[in-house]
Amino acid sequence: MKTIKHVGVIGAGTMGRGIVEVMARQEIDVYLYDQDRSAVERAFVHIQNQLDKQVYRTKISEQQKMKMLASIHPVDQLHAFHTCDLIIEAIMEEMSVKQQLFKALEKVVSTSCILATNTSSLSVTEIASVMQNPKRMLALHFFNPAPKMPLVEVVVGVHTDQNVAEEMKTWLKQTLLKEPVMVRDAPGFIVNRVARPFHTEAYRMVASGETSKTQVDNILQDAGFKMGPFQLQDLIGIDINYAASMSVYESFNHEPRLRPHPNQQKMLQSGLLGRKTKKGHYHYE
Ligand code: NAD
């Protein structure tokens, strides 16, 4: 198995900070970059708070917490990733921005460095199409919140070297104690594809006056779901979930059954993005 000593994470938002925490908990050296420096600072404080809770619940000791925090290295330029064995990108869900980033990364990382995207729904093959060596590129799709959710979809693009994917799967299982599943590079992969009607039908039912958001969420919880669709969208981020909906819709040539609901876009345009803006379907303090 390839030795992964240094990991780079790009994007310090909802997913980036969670992925960094996953690495830190295994005391893997992790370098965190975001174009917004304040996002890196917020991510560090968030992880510190999460680990404080672990100490309070006697899951880890204060000394372990300090070691975990010491393994996180905020960096302010991509060049700092030149020693990384693996880089996971968790920036905005936009094809051209991701492609630009991977092109830039190839210029600074070693030839053996594995490059991964945490995209929810974009084609890994298309992201990698601009790279000089697309064989080392794949998606490692962590779920939110990354420290708690065991599943990671390992998405193999057309050009991905199968050995790289196998190595990543073994590492995720053995070192990060995750449940990796190898999936094809299809729109929305598996989870986000199946989740599309879960979100869209909920919007449709509420818009037609058949029910309310709280009723949908409460009923789904009573039925055994951890969260209803509106609670989940606030956790994911309305912007990220909308981008996933659009990406799947466009990949299927605008099939009507996959069309995002107009209210999804309205919320995005109003800046009601969910927990990250403290306002979405619900209000948060
Ligand atoms: P987010 O909006 O919370 O954070 C994105 C971060 O990326 C921001 O801090 C932003 O400043 C930074 N960023 C944007 N462009 C950048 C660039 N060019 N270079 C460096 N930093 C940049 O987003 P998120 O929810 O963490 O999602 C990140 C990725 O993970 C997306 O591809 C998304 O589809 C995927 N994802 C999200 C979830 C979820 O539940 N939110 C789950 C799985 C996967």
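Positions of Cβ are set from backbone N, Cα and C atoms, glycine also.
Here is what TrEMBL records for this protein:
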BINDING   Gly11, Ala12, Gly13, Thr14, Met15, Gly16, Asp34, Glu93, Lys98, Ser120, Asn144, Lys276  NAD(+) binding site
DOMAIN    6-185  domain '3-hydroxyacyl-CoA dehydrogenase NAD binding'
DOMAIN    188-284  domain '3-hydroxyacyl-CoA dehydrogenase C-terminal'
REGION    255-285  region 'Disordered'
SITE      His141  site 'Important for catalytic activity'
Over all pairs in Gly11, Ala12, Gly13, Thr14, Met15, Gly16, Asp34, Glu93, Lys98, Ser120, Asn144, Lys276, the listed NAD(+) binding residues, work out the largest Cα-Cα distance in Å.
21
By DSSP, what is the split of the region 'Disordered' (255-285) into helix, strand and coil residues?
14 helix, 3 strand, 14 coil
Counting other Cβ atoms within 10 Å, pick out the least crowded of the binding-site residues Gly11, Gly13.
Gly13
So if I measure Cβ to Cβ from Asn144 (NAD(+) binding site) and keep only same-chain residues at least 6 apart in sequence, which ones fall under 8 Å?
Thr14, Met15, Gly18, Leu235, Ile236
How long is the line from the C-alpha of Lys98 (NAD(+) binding site) to the C-alpha of His141 (site 'Important for catalytic activity'), rounded to the nearest angstrom?
15
Within 10 angstroms of the C-beta of His141 (site 'Important for catalytic activity'), the count of other C-beta atoms across all shown chains comes to 25
